[in-house]
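Below you'll find the structure, written out as structure tokens, and then a few comments.
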Amino acid sequence: MAQHPLVQRLLDVKFDTKRFVAIATHGPKNFPDAEGRKFFADHFDVTIQASILYMVVVFGTKWFMRNRQPFQLTIPLNIWNFILAAFSIAGAVKMTPEFFGTIANKGIVASYCKVFDFTKGENGYWVWLFMASKLFELVDTIFLVLRKRPLMFLHWYHHILTMIYAWYSHPLTPGFNRYGIYLNFVVHAFMYSYYFLRSMKIRVPGFIAQAITSLQIVQFIISCAVLAHLGYLMHFTNANCDFEPSVFKLAVFMDTTYLALFVNFFLQSYVLRGGKDKYKAVPKKKNN
């Protein structure tokens, strides 16, 4: 029996590992921007395949672990958090000159309306690494379910949609990605550093977690403000900005839902219930 073309497309996994490694290890000098963007365009189906596999593995593992003791995974978790913290710090540092240089030299509006050299050279290399990293960050959830930590809708929804958006948007190179990527690098630099310290059993003041969540909310407020102004420019002026309507619509959907979910998380965690913790074990009575 012949399969539906869409089903066949989703089952036909094609990931050019050699090509991926060549771009990832190319380095910033003479970075092949066009080839980097084409890689994501050619492999967009991988994000849908990965999302389906991710859901099956995550919720399958959660079910499998329901009557079992949690894994500690101390050393792997320490290594994982350290890698993501170091990567995020490096990305934030490397992209800072281009971000603020564009604002200073071109103006605030132009910095999210136009691409300029955002995907060129060293900055382009780190943009590409950022987009690629969203596939690998799915592993974050595996640690949660194996250690029987709370798995919120916000967590897995955020991971899936960010990955899909990253791989879809980069080939089209919208100017406003400058803000989303740079701000995300900065926030993750703090967030994964915090996770690393906690996984190392290093005492961290309780207000730090609340501050990081607040920083995430500020990130999405800025992103939504940028998109709102671009929407105004697109509909009420003759501004010619560098983005496709489809990417803009997806970005609006993504950032507005993120803002709503993170505000709700903040209220539930720090205002109404007194705090949640990624590293707090699930009470045994909830494991049955």
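Just so you know, glycine gets a Cβ as well, placed from its N, Cα and C.
Annotation comment: Swiss-Prot describes 39-59, 73-93, 126-146, 150-170, 180-197, 217-237, 247-267 as transmembrane segment, evidence class sequence analysis.
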Long-range environment of the transmembrane segment (39-59) - Cβ separation under 8 angstroms, sequence gap at least 6: 9-10, 12-16, 19-20, 23, 131, 135, 138, 141-142, 145, 151, 156, 159-160, 163-164, 166-168, 170-171
Spatial neighbours of the transmembrane segment (150-170) far in sequence, C-beta under 8 Å, 6+ residues away: 36-37, 40, 43-44, 46-48, 50-51, 54-55, 58, 62, 119, 127-128, 130-131, 134-135, 137-138, 140-141, 144, 177, 247, 250-251, 254, 257-258, 261-262, 264-265, 276, 278, 280, 282
